[in-house]
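Feature annotation from Swiss-Prot assigns signal peptide to 1-25. The disulfide bond feature in Swiss-Prot is assigned to C37-C71, C41-C64, C50-C69, C54-C70; the stated evidence is similarity to another entry.
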Amino acid sequence: MRFTSMIFVLVVILINSLFNFNVLASSVIETTKNDVCSTPCTRRYGTYECWHDCLHERYNDGGCVDGRCCCKK
């Protein structure tokens with residue numbers, strides 16, 4: 001029973017990694033000439049945190065776009 005459970009867990013991990021390879025490969029996304037998107041937005045890292053980090057990095061504005069924090073020059 002434990003062996004079967006372990007195999008099931010490993011198969012789930014393998015399948016999950018196959019579906020997420022595109023997300024991991026693109027760490028920086030440019031939405032326009034003035035936008036730089038890098039950090040993923042989550043429940044704990046939302047629009048306010050993104051905006052704050054963009055201002056700290058000397059961008060004029062920032063917000064979550066398509067699940068990523070995008071900073072505007």
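Placed from the backbone N, Cα and C atoms, the Cβ positions cover glycine too.
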Secondary-structure category, per DSSP, in which C71 (disulfide bond) falls: strand
Cβ atoms near C69 (disulfide bond) (within 10 Å, other residues, all chains): 23
Nonlocal neighbours by CB distance (under 8 Å) for C50 (disulfide bond), same chain, sequence gap 6 or more: T39, C41, G62, G63, C64, C69, C70, C71
Cα-Cα distance linking C37 (disulfide bond) and C54 (disulfide bond), given in Å to the nearest integer: 10
Where C41 (disulfide bond) falls in three-state DSSP terms: coil
Number of Cβ atoms other than its own within 10 Å, given for C37 (disulfide bond): 23
Conformational class of C64 (disulfide bond) under the three-state DSSP mapping: strand
